């Protein structure tokens with residue numbers, strides 16, 4: 001086997017192992033935050049939404065700087081430092097008994113993600129051939145779903161002992177991942193040239209096509225982040241037990257493991273990337289409207305299943321399209337900036353969603369936040385349609401590869 005092909009093959013397997021552990025460590029802790037602080041301790045959903053939004057905004061909003069630094073110094077030191085920072089965030093979360101401590105823990109967790117997420121994403125572009133990326137992103141999403149279920153199951157089981165134990169287990173997992181990267185990850189350069197930090201940043205900022213695409217996705221992410229805030233709260237409220245949240249993630253895992261890869265293989269040969277993204281977002285948006293009027297667990301889980309189906313269709317296309325638009329001379333910077341939509345959407349989706357949830361309950365209108373989210377989804381869909389039709393992306397980039 002040629003040396004480069006061998007490096008790609010080994011790198012692919014390491015990326016899969018690394019991703020599985022990162023997802024596991026994240027989902028041991030984060031799905032239980034809203035249950036712990038809102039349902040068990042009685043905090044306002046807005047306070048917890050601010051904490052989750054802060055983590056999202058720091059991790060994704062500052063990602064361009066993490067990516068630019070990785071372009072300059074390489075992936076390995078950034079990834080290791082980021083993993084250790086996230087572990088420290090979980091340690092602070094274990095002792096959080098006031099909102100400011102929860103906010104600090106989420107900020108540290110987000111800062112860690114700022115450092116490790118863009119170089120890890122750029123390594124996928126470096127090591128996976130363009131024609132294989134769509135399917136590889138589907139494999140990563142399948143891993144995400146399986147890891148989410150295993151993590152949520154483990155976290156729910158540990159929660160019966162104490163939330164501190166949940167946080168410490170999450171911290172240990174990220175320390176383990178840092179050790180594996182220190183031991184096994186080669187000192188890869190993620191860009192084709194050693195790009196100065198400022199040049200990488202400016203290259204992205206001048207790319208108006210990429211900027212518009214990233215910012216338009218803010219509305220998409222406002223819907224997507226509710227799997228960590230309002231959906232777990234709804235499941236817990238209707239079922240009456242935190243352990244029911246695991247069924248939500250089990251549904252995601254079953255759908256992803258059985259349908260995600262076949263749908264990606266089938267659709268990439270028949271539809272352009274932007275078509276797949278918009279169809280998925282349409283399904284996600286439609287599923288939002290009835291959730292607030294649901295009073296039984298089975299219909300709620302059916303609507304959540306519909307939401308996940310939309311995500312399964314949209315997410316591989318979104319990730320592949322972002323990678324296709326990245327300039328190879330500044331991959332880290334591009335992948336860092338591509339998270340800005342997630343930063344804005346996450347911050348608004350978490351804090352705004354928490355506020356709408358509290359307001360809806362205070363006004364005895366529990367359907368209010370879900371109606372607003374569905375409306376935002378359709379507005380985003382209209383903006384994407386306008387963008388893809390008024391400012392055409394090159395056909396080569398919109399193919400399935």
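Even glycines carry a Cβ here, placed using N, Cα and C.
Annotated in Swiss-Prot:
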- 13-33: transmembrane segment (TRANSMEM)
- 34-54: transmembrane segment (TRANSMEM)
- 99-116: transmembrane segment (TRANSMEM)
- 139-159: transmembrane segment (TRANSMEM)
- 165-185: transmembrane segment (TRANSMEM)
- 214-234: transmembrane segment (TRANSMEM)
- 244-264: transmembrane segment (TRANSMEM)
- 277-297: transmembrane segment (TRANSMEM)
- 300-322: transmembrane segment (TRANSMEM)
- 340-360: transmembrane segment (TRANSMEM)
- 368-388: transmembrane segment (TRANSMEM)
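Ranked by Cβ pairs under 8 Å to the transmembrane segment (165-185), the stretches 13-33, 139-159, 277-297, 340-360 are led by 13-33. Comparison of 34-54, 300-322, 368-388 by number of C-beta pairs under 8 angstroms to the transmembrane segment (340-360) places 34-54 first.
Long-range contacts of the transmembrane segment (139-159) within the same chain: residues 15-16, 19-20, 23-29, 31-32, 35-36, 124, 165-166, 169-170, 242-243, 245-246, 248-250, 252-253, 255-257, 260-261, 312, 315-316, each at least 6 residues beyond the stretch ends and with a Cβ under 8 Å from a Cβ of the stretch. Tertiary neighbourhood of the transmembrane segment (13-33): same-chain residues 48, 51-52, 83, 86, 90, 93, 102, 116, 120, 123-124, 127, 139-140, 143-144, 146-152, 154-156, 158-159, 163, 166-167, 169-170, 173-174, 176-177, 180-181, 184-185, 227-228, 232, 242, 245, 249, selected by CB-CB distance under 8 Å and a gap of 6+ residues from either end. For the transmembrane segment (277-297), the partner stretch with the highest count of Cβ pairs under 8 angstroms, out of 99-116, 214-234, 244-264, 368-388, is 368-388. The stretch from 99-116, 214-234, 244-264, 300-322 that makes the most Cβ contacts under 8 Å with the transmembrane segment (368-388) is 214-234. With Cβ pairs under 8 Å as the measure, the transmembrane segment (244-264) is packed most heavily against 300-322, out of 99-116, 214-234, 300-322. Within its own chain, the transmembrane segment (99-116) is flanked in space by residues 22, 33, 37, 43, 47-48, 50-52, 54-60, 62-63, 65-66, 69, 78-93, 174, which lie at least six positions past its ends and keep a Cβ under 8 Å from the stretch.
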